[in-house]
């Protein structure tokens, strides 16, 4: 035989080895007509040359592989793994051993595995000696290398290394393939003799066992200590997500999961890692925008305008996570390539069947098995890459989520006051809950989006290969239809932007409502608050969702039609212009390609929508991050030294400083053209020309009327009010303004900021527990008696904002926090206003005086209290934002100015010392003050301190006594950020009554009843229509495919395109009907079902929450409630509907798919049923796992929101105490916990996906195998039917995976409904109105109040706060209510308004039992000026009269009576952004003034006193009420304003019954009667005169302690 014939026989042409060339496996013998005899000749040449690639098949018509070809593959495999193992062996040997590594004994599994590997070496060597084949030399070398590597890895690697895992798996698969041929073919590969065959079987089993031991039982020979979890996971476990199996088994067994059960698989997805990346990239982006590029410079030159480039958050994120973006895109491209390989493989498979049916010489059956195997392996490779792509994209999403959440939170803690005003807490919460979630969900499809252009190009190229130029007909159709669909999608942009703003506004309003729940109940304002919320939610937000839904339905119709239009146009053009029949091998691969084409086509609209959403969200976040911060040094004008200045007597110095409300306004200062002097608008000036100093060890007091600037000065010293920057035109001789502080600062705000924690945690506030000084602190702050009354003492959990505490208790806890820090400078803002007079007197003595606990520190006190002024070293009188008088106490009294008159007028009433007495007292030696001015406890403490000083001085010398005395009151040490204070207590194990209530989490499957309630809320009639329409669409789709199958078979049989007009016309008609039904279903589900359901649940939950008793707000963090109104509502608005739609569609598709397969391949029933058992095994484990993880995630998110909201509200306190890092650490810890849950949950999804896609690929594989098997039977499957069936079998992967995933998502969405329904069914207060028990309109006509054996408690398990109260308050009687802290004064108010309900007895008003009438009728007919004055982010008018019942004249009148008219007249606010956009001439919009002026969130543009006066104005409006309750109503105002208010009350409420709870006993001295409460009981009830006559009375002792009697 000549050389050329030899080459032809061996099949050297590389073209013949092409995967897609059908001739590669049909052998070239067919082409030359070579018979079996020649094939035998060929076999003689199989191993004749070592330089040629042998044929894969032994003969063109036989079903056996060529042994030479198999051996060549084996050699290549051995060579590859030998190199791979050698590389890893070298790496392990060069890796330095850890010195601290602890080695363990060798386990039996390791010994057995080594023995098996050694056996494998012997077996391979035996095969070599039996076969004398050089192939086995490579096998021996590879196995020996594996043996060495097994020995080394045991002591060096924590996991089974990759080369060994892959080698043994590949070796097992290869040996199995050889075993199959050796068992069923006469053309042997290894087993040319009986012993060789036995050794082959043993080698196969042995190789498999080694693999099992390596992958499942590997344990390193040392203890794993500091390795990250993922570093202990081997390759197979990582790619199959097997490392989650223990967790899944645990949840399946217990139906429960805790955070501690989760494996720590975060890796680098922690806040610290991710935030650092984004922060760095954002800083670079900010620098980039400050330096315009070439294009910007050219454009600026051409237009003569400055180009302002905004920093782009997207660019910063892209730069920070470039590696993850690149990996995600690469994996998406791989998935795309493998996906497009499937249609070509299907075509090869169908062509094999066609050749088998219509060719004379039938190809070997092994070729069919080959293509079935290749399709299976391609599918496996596809889903492995697919799941890794998903994992990467979700990891990217979580990295962005954690980084942005941390950045936003840290930014919120640094915002300037003006920025905080522009960006309310609700907006910031929305950025975290809404915007970041939108970005996160965009990331998980990012790879798909970015790979879409590639998919489109590859798909068109593939279609061109099938249809040639006819493809362009489809392309032209797409070009015509796609822009229309794109325009429809683009039209949603405006709606989405508005939707996000509506969500912001709704969240802000809900936050305000929750914060002001008690006031809303006092005023019975539930109805107007719900009306405001309903307007934003139903009329605006849901209306936008409805518009988006209608447009989405139209877009869905258009995009679903595009692939159909393309297929129609392509088929029609091909049939008309090309004389080639549309056979199954063209039609069904084309259908698969059209489906693949629909993916990028369908992704385009969602991509456009999501890009709009994401760009909006990123822009909003970027805008937040660009907001102004108030720098600590304020451009160098503020200097802070953390240590006292030993060379100066001053601790605080403010020189020539003017402070402004807004830096923005300051930056927009107008310039007078002539004088060129810049001025700050008067409305922006907060304080002007301030010169102030405070010395070490002295008390400086700042006094003034309400709104004069006392609190502003305190905040200015803190650095929270911007200092006015001198203009360039200022005279250089003018002094430069400055604020200097020397030493650490403690701040006690006027409105105490209390954490939702224990009392002890609030006092220690991140500092180390010092039992001795802690006891001194609580004693000095008068808290010991409170601790005795609180349910758990200082371990009592106080609730959100300290809601379970009285105003006085909150004030004293806040003061104790400041005192405990042992700071150098104390900034105290009106701390005495909320405490009783006798308590205030003790605090002055024990804390504020020079002999007090912080007497040797600098104290700056803004106050309206006159008694404390006697202790002051300096007194400043402030009015209109400027100091008008200043001096020491003696100087002020001698000057006899306004300040002296104030002191004389109000001071003499309280038995305060005269000027002479003060002078005399001030000359007395301090030692006597020590002995006479302190309680026994305090004296004992001081003696201990003196003894300690003496002891230390003995060692260091008398010359250092001063230093020692200063050092004794040392600064408090901080604890670690994660410190648990409960561990500091010896009794931390005892049962607490007020522990933090964990958010309830139900267990088990979400019941069908939950979904039933949702469907009923959505209107089941419309829902049924949608299901029917969807089912029709699925059936029509099956009909379309069968029509094409039937037509293509006719074309094959007749070798011509049969009746194209009829078949394509029918196909087009079915497509149009399907598209129309799709549109109608989408329109109905979005326009009617979803909006209706969302309206129902939000309305019901809002009403249920607002109608809940006050105990619900006491025990439930606001963040937890907000989570229901933001995340959970967001899920039922958008996520859950899509999930339900997808589930119904997928379920119906599944029924049809299995029906089609079983109709033509009945034997598949055995395979499908068997695999469905496996499928169910995974399903029943996955569903509880994802459900419980979702519940855990929902619970984990609430603390994140609660912590962020809580700390944003207390940002001034956090900043003052330098506690930012601690709160950031706490938030990071919570974010990382939430992220871990999310990462585990998504990896569990991948765990399921890997297994279900294996099942799906197996179904496809067995379908193909059974189809090949039918070729040897009586009824072989036709190529057209094969294409029809395989098209459906290839979709099983998607269907099965989607069914479980979507069902799990439905369960997760069901959890959201479950949580909402839980809040829809909260225990409610009594009915607002009881129709048959409504009192008369004139009730109460007299205002007689009777308590009859009345008792009450705040909650069922707590002790009573009022016990058997028995008293009568007559009509028009003025009753003052006093008592020590915790006596029950405020509880009496709550009882009267039925904020808390009776546990015994009742209250009657004018003979009507208040427990028998509706709450609206009760509260609406009572009037209160509450202790906590709440305002809403609305106009002055809406804050006064939310019902709109009164005229403007009436509103102005009550403002005048409340002494607010002047201030409100001057108020002005800019129009909102919405109003500007709605106006044609936004620049011409005037500012809102007077009643229309806006009150900002939390009343930030009003002082505390002004907010109290606003409450007085509200009370003055209610003229019909005959009962007025004043709950410490004038605590926050100065004495002059208090006098005016008291006079207003006497004149305007003279015909009303008045109950006054007051700290200042002088304000109730003119009351008709005094009610003294003690431990919740009536201790005394008589006229003040009679009570003062009795020196044994409690009232007498209170008056004496407060200095009101001689």
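Each residue, glycine too, has its Cβ placed from N, Cα and C.
Swiss-Prot has this to say about the protein:
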| type | residues | note |
| --- | --- | --- |
| BINDING | 704-711, 1379-1386 | ATP binding site |
| COMPBIAS | 923-941 | compositional bias 'Basic and acidic residues' |
| DOMAIN | 326-613 | domain 'ABC transmembrane type-1 1' |
| DOMAIN | 672-905 | domain 'ABC transporter 1' |
| DOMAIN | 1042-1308 | domain 'ABC transmembrane type-1 2' |
| DOMAIN | 1345-1600 | domain 'ABC transporter 2' |
| REGION | 908-941 | region 'Disordered' |
| REGION | 1465-1487 | region 'Disordered' |
| TRANSMEM | 67-87 | transmembrane segment |
| TRANSMEM | 111-131 | transmembrane segment |
| TRANSMEM | 196-216 | transmembrane segment |
| TRANSMEM | 325-345 | transmembrane segment |
| TRANSMEM | 365-385 | transmembrane segment |
| TRANSMEM | 548-568 | transmembrane segment |
| TRANSMEM | 588-608 | transmembrane segment |
| TRANSMEM | 1015-1035 | transmembrane segment |
| TRANSMEM | 1071-1091 | transmembrane segment |
| TRANSMEM | 1132-1152 | transmembrane segment |
| TRANSMEM | 1252-1272 | transmembrane segment |
| TRANSMEM | 1276-1296 | transmembrane segment |
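Shown on the structure are the features that Swiss-Prot records.
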| residue | record | Cβ neighbours (10 Å) |
| --- | --- | --- |
| 704 | ATP binding site | 27 |
| 706 | ATP binding site | 26 |
| 708 | ATP binding site | 24 |
| 710 | ATP binding site | 27 |
| 1379 | ATP binding site | 24 |
| 1381 | ATP binding site | 19 |
| 1383 | ATP binding site | 24 |
| 1385 | ATP binding site | 25 |
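The average pLDDT computed over the domain 'ABC transporter 2' (1345-1600) stands at 85. Same-chain neighbours of the transmembrane segment (1132-1152): 542, 545, 1014, 1026-1027, 1030-1031, 1034-1035, 1037-1038, 1085-1086, 1089-1090, 1093-1094, 1097, 1288, 1291, 1295-1296, 1298-1299, 1302-1303, 1305-1306, 1309, 1312-1313, 1316, counting only residues six or more beyond its ends whose CB sits under 8 Å from a CB of the stretch. Cβ atoms under 8 Å from those of the transmembrane segment (196-216) belong to residues 109, 112-113, 116-117, 119-120, 123-124, 126-127, 130-131, 150, 160, 164-165, 168-169, 171-172, 175-176, 178-179, 182, 190, 234, 236-237 of the same chain, restricted to positions at least 6 beyond its ends. Contact between the transmembrane segment (1252-1272) and the transmembrane segment (325-345) is not supported: fewer than 3 Cβ pairs lie under 8 Å, counting only residues 6 or more apart in sequence. Within the chain carrying the transmembrane segment (1015-1035), a Cβ under 8 angstroms from the stretch's Cβ atoms is held by residues 1074, 1077-1078, 1080-1081, 1084-1085, 1088-1090, 1092-1093, 1096-1097, 1141, 1144-1145, 1148-1149, 1152, all 6 or more beyond its ends. Long-range contacts of the transmembrane segment (548-568) within the same chain: residues 474-475, 477-478, 481-482, 484-485, 488-489, 491-492, 495-496, 499, 590-591, 594-595, 597-598, 601-602, 604-605, 609, 1064, 1067-1068, 1071, 1074-1076, 1078-1079, 1082-1083, 1085-1087, 1090-1091, each at least 6 residues beyond the stretch ends and with a Cβ under 8 Å from a Cβ of the stretch.
In three-state terms derived from DSSP, residue 1383 (ATP binding site) belongs to neither a helical nor a strand segment and is classed as coil.
Residues of the same chain lying 6 or more positions beyond the ends of the transmembrane segment (67-87) and with a Cβ under 8 Å from any Cβ of it are 46-47, 53-56, 58, 133, 135, 138-139, 141-142, 145-146, 149, 162-164, 166-167, 170-171, 174, 177-178, 181, 187-189.
Away from its own ends, the transmembrane segment (111-131) comes close to residues 137, 139-140, 143-144, 146-147, 150-151, 190, 192-193, 195-196, 199-200, 202-203, 206-207, 209-210, 213-214, 217 of its chain (Cβ-Cβ under 8 Å, at least six residues beyond either end).
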